[in-house]
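Student: Provided herewith is a single structure, encoded as structure tokens, for subsequent inquiry.
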Amino acid sequence: MLFTFHDMFAGERCYKVPENCQMEKNVPLCIEDRMRNCSSKAPRINDPKYFSRQISSEETVNTERGYVIHISGEALQRSSNGRGDADLIVSLLNETFFRVSSSLNTKKGKDSNKPDTILHGQTVLGVWLGKNEVQNLSQPVQLRFINTNQSKNGTCVYWHLDKNGKGTWRTDGCNTTIAREDFVCSCNHLSFFAVLINPEIPAASHIVPLNYISYIGSALSIAFTALMIAIFVCQRRKQYDHSVVIHVQLSGSLFLLHISFLCSVWFSGHRENDSVCQALGLLLHWCLLATFTWTAIEGFHLYLLVVRVFNIYIKRYLLKLSLVGWGVPTITVIICGVTKVYGKYTFYTGEENSTITPLCWISTQIVSYITVNGYLGLVMLFNMVMLGVLLVKMHKLRSQTLQIKDHQRRAWKEWVSLLGLSCVLGVPWVLAFSTHGPLSLPALYVFTILNSLQGLFIFLWFLTLMCQARKEEHSSSKGTIQVSFNSNDETVNTR
């Protein structure tokens with residue numbers, strides 16, 4: 001009598017298979033082999049991670065575990081060799097069993113690099129029907145992942161095992177739809193399934209124009225920030241107000257940010273050297289944090305000018321601001337670099353032949369949430385408060401104006417100052433928190449345009465301050481309070 005490997009596990013209970021395979025080198029491969037030859041008898045105590053039922057016709061099965069499965073007649077026929085009934089086995093597996101060695105790829109047969117994958121519910125759904133493999137179905141099997149309120153942007157994926165036993169998440173053969181906030185996966189085969197939650201990204205038709213807007217805007221920002229820095233250096237002999245110096249520091253961080261962004265996008269799409277991509281990810285993170293920090297410093301300096309109107313002496317004021325502006329980002333990225341959180345990060349649209357946008361960036365999402373989203377939120381909260389205080393000051397000064405002509409003229413100057421300050425205080429970055437929901441696409445376009453051109457806007461504000469300074473040199477001050485970020489009438493003595 002022949003005794004095979006499959007016969008060895010013929011009496012094994014199916015609900016015990018994941019536990020018994022935990023010590024194997026390739027857990028998914030072990031589970032796949034044993035699940036086809038195990039006993040589907042349910043355990044005495046209800047197991048929340050296991051479900052089985054005998055299927056004799058086309059049927060929609062509610063597993064009562066967060067999943068609804070529709071078995072087509074064709075799938076049942078193939079799995080049972082035409083006998084008419086088969087055992088449906090469903091197992092909820094820990095996502096750690098599925099070590100992602102390559103990212104989700106929509107091009108069949110081609111692997112890509114490591115992304116930061118987030119699976120719905122942190123579980124993988126294993127589905128088996130009968131003893132035979134079920135694939136290439138003309139009538140697909142439908143799997144509904146219910147209660148998916150955590151995200152509206154996900155992709156149905158399955159775990160593909162190649163001839164060497166290595167696995168990767170793939171999408172070919174599966175279509176993703178959303179019905180009543182649930183993900184519905186229609187697949188032409190049975191396997192290990194999951195819903196990969198992607199970052200909130202637009203449809204493929206919008207990605208290309210958004211990319212072009214980003215690249216063109218970044219190029220313009222690089223050119224104008226470089227020009228601004230060159231003008232500042234050439235006129236170094238001139239005694240500049242502290243506000244102008246802080247503007248230049250912010251422009252320097254924006255200059256580095258846009259250069260590192262373009263380099264990161266270009267390198268991640270053309271090279272496979274992970275160490276270089278990690279270095280570019282660290283550099284991009286550092287430049288972004290430096291931009292946020294100098295934006296916060298702009299708000300702090302505005303606080304000294306507008307709120308603390310009395311003379312305050314701060315020894316080596318600009319040196320201390322520089323240590324904070326460049327030191328905080330440096331310490332942060334050193335800590336992140338030691339923990340090895342940088343690498344290639346890829347965005348997907350979840351469609352066949354979809355557009356893929358790789359980027360050398362932070363590969364651990366929790367680090368991105370804390371150091372980018374959280375930090376930006378705090379900076380914007382502080383700066384918006386400062387901007388609100390400035391608006392109150394403007395209103396009080398306007399109410400004290402006696403002449404209507406001067407009142408109208410002053411109002412125009414105040415609005416120009418408000419627009420310039422909104423730019424240096426990073427107000428357009430607030431749109432980053434509005435790129436979700438029904439207005440996400442328009443907000444994303446506005447966010448991309450304004451922030452990619454921030455360097456140009458700051459350059460225009462810099463020219464405005466230069467022209468104003470020259471006018472003030474040729475005219476005597478009348479003692480009026482100027483609501484301007486460069487005015488010396490209300491400048492705090494911080495030298």
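Note that Cβ sites are derived from N, Cα and C of the backbone, with glycine treated the same way.
What TrEMBL records for 43-203 is domain 'GAIN-B'. What TrEMBL records for 210-466 is domain 'G-protein coupled receptors family 2 profile 2'. According to TrEMBL, the transmembrane segment annotation covers 212-233, 245-267, 279-305, 317-342, 375-394, 415-432, 444-467.
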Student: Are there residues at least six beyond either end of the transmembrane segment (444-467) with Cβ under 8 Å to its Cβ atoms? List them, or say none.
Tutor: 202, 206, 210, 213-214, 216-218, 220-222, 224-225, 227-228, 231, 241, 243-244, 247-248, 250-251, 254-255, 258, 416, 420, 423-424, 426, 428-429, 431-432, 434-435, 484-486
Student: With a Cβ cut-off under 8 Å, give me the same-chain residues at least six positions beyond the ends of the transmembrane segment (317-342) that come close to it.
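Tutor: For the transmembrane segment (317-342), the far contacts come to 242, 245-246, 249, 253, 277-279, 281-282, 285-287, 289-290, 293-294, 297, 301, 360-364, 367, 371, 494-495.
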Student: Short question: which residues 6 or more past the ends of the transmembrane segment (212-233) have a Cβ under 8 Å from it?
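Tutor: Distant Cβ neighbours of the transmembrane segment (212-233) are 240, 244, 248, 251-252, 254-255, 258-259, 261-262, 265, 445, 448-449, 451-456, 458-459, 462, 466.
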Student: Sort out the residues at least 6 away from either end of the transmembrane segment (415-432), same chain, that have Cβ-Cβ distances under 8 Å to it, and list them.
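Tutor: Beyond its ends, the transmembrane segment (415-432) has Cβ neighbours at 247, 250, 291-292, 295, 298-299, 302, 373, 376, 379-380, 383-384, 386-387, 390-391, 394, 443, 446-447, 450-451, 454, 457-458, 460-461, 464-465, 483-485.
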